[in-house]
Amino acid sequence: MASITFSGTGRHVLPPVMMVSSNNSGNKVDGVSIRKGNRDSVVTNVATTHRDHLQVATIDQKKQLVVPADWENHVAWKSIPQERWEGELDVQGQIPLWLNGTYLRNGPGQWNIGDYNFRHLFDGYATLIKLHFSNGQLIAGHRQIESDAYTAAKNKQKLCYREFSEVPKAENFLAYIGELGNLFSGASLTDNANTGVVKLGDGRVVCLTETQKGSIIIDPETLDTIGKFEYSDNLGGLIHSAHPIVTDEQFLTLLPDLINPGYLVVRMDPGSNERRVIGRVDCRGGPAPGWVHSFPVTEHYVIVPEMPLRYCAQNLLKAEPTPLYKFRWYPESKGFAHVMCKASGKIVASVEVPLFVTFHFINAYEEEDEDGRVTALIADCCEHNADATILDKLRLQNLRSFAGEDVLPDARVGRFIIPLDGSPHGKLEAALDPDEHGRGMDMCSINPANLGKKYRYAYACGAQRPCNFPNTLAKIDLVEKNAKNWYQKDAVPSEPFFVARPGATEEDDGVVISIISEKNGGAYALLLDGSTFEEIARAKFPYGVPYGLHGCWVPKK
Ligand SMILES: CC1=C(/C=C/C(C)=C\C=C\C(C)=C\C=C\C=C(C)\C=C\C=O)C(C)(C)CCC1
Ligand SMILES: [Fe+2]
């Protein structure tokens, strides 16, 4: 393997040892192996170019290694240094004594196999973090999820499954033909459950991604991988929404149908592995269903968003990523919102809406007239101004290279107004002035007691510009239409997750948990007061924790 160090004049801290690697002869970070005791010597096989103040070192295309000179400092985009860890953290401030339980956060935390570097944020192998709160104390830990994709990569030291942007290279033509077969059967799709984690009504904790096979049961205490969550029905299909709606009573999700463009709306009861069909929505645009990373519900309805960013079979088959990865933007196919009655499965509205791009719905509720009749549904989401280029902005090279440059596309709280009176069109507008949260907005949570109901507060990551990635935590007041923002220079915070105080009557009575990755290689757990949005406690990790995606709360039994 090429032994490389960084060119340029800056000092480089020796990065930590990587796990997906069998070679212990040198230190490695994201596959970059560095000769011990000789950290500032010459790069092998690497060309250095200068872009403004940044030095970008690139290696040959086959290895895809792109190492900006300063990326090694920001721990947000750096693979986690070891496979597992657990220990008590020193707490500055006061953890509320009522906060007893475990916060779990999932996300892609390992972006390399040996010296092979992944390209996209969403490619990384799932890293599960826990923060266990008990009587004011905090035990933290992390562990890699043992998916088939991760285990195979570790054992064979190569990519074996199709990730978000990474595709295993076929060794010859026959292998390529076999690969195509594997793609159609789903065998080559990843089960790398790196996106979310949910606690089902029966207590099982499941990590999820977009593939159905990437539903993996874990132990919330030890973070052990228990095994696959096998759906026992015959509904088939390969993908589902990465964000099911999960309550103590039910699990609702969408199964996109790529053959006959549409979606099945399905429900699963606690204790069961069998999903039952509530109803089906046929797409109104084509040629494929829109990507449904998430969807919203109200008390009585499921809203099926049909986004013009649609799954794309050709792109799924390609060996090299396209700018929109497995998707394609079809503005001419338009955007729609379909409304299905949860009880009957009937579609009660299907309206055309302005073009939109969203990964995450925040919440939805029913608007009533004075006689209590539901006249419209309101659905809020993190909306990227109908600009799908956000996907490419989340390439690791962009995240690592453009820190501090104002390249994050604008985003807003997109509010859909979906009439139920038979009108053919719905509306989409900003729920508040996007400048309130720096025109950046994603990774949201609410008080779960308000799921599907009229609500006032959303917590999300926002932006303090200039930035290339959301870098604040925002408490958004949808009634007063303003936001409180938490910001710390060079910090990359993950999704602010709201935990309600037991017995609370106010919507924002609780704490907000986030994990902050720091430029200097550090990381800490942060607790903000859900009401004042002031810091109440922080606890430093003894090692760098990268950025992660979504979390859940497992209360003490
Ligand atoms: C989409 C498909 C796949 C994989 C998807 C994965 C692994 C993750 C998607 C995660 C998303 C959309 C997270 C969104 C985060 C948004 C952020 C941080 C925005 C910030 C901007 O302001 C498979 C599994 C490869 C299968 C095909 C489809
Ligand atoms: Fe998500």
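Just so it is clear, glycine is given a Cβ too, placed from its N, Cα and C backbone atoms.
Automatic prediction, not curation, is the source of TrEMBL annotations.
Per TrEMBL, the Fe cation site holds HIS243, HIS360, HIS550; the candidate it also names there, chosen from HIS293, HIS300, HIS425, is HIS293.
One residue stands out among the binding-site residues HIS293, HIS360 for having the most other Cβ atoms within 10 Å of its Cβ: HIS360. Within the set of binding-site residues HIS243, HIS293, HIS360, HIS550, HIS293 have a CB atom less than 6 Å from some atom of ligand 1. When Cβ neighbours within 10 Å are tallied across all protein chains shown, the highest count among the binding-site residues HIS243, HIS550 belongs to HIS550.
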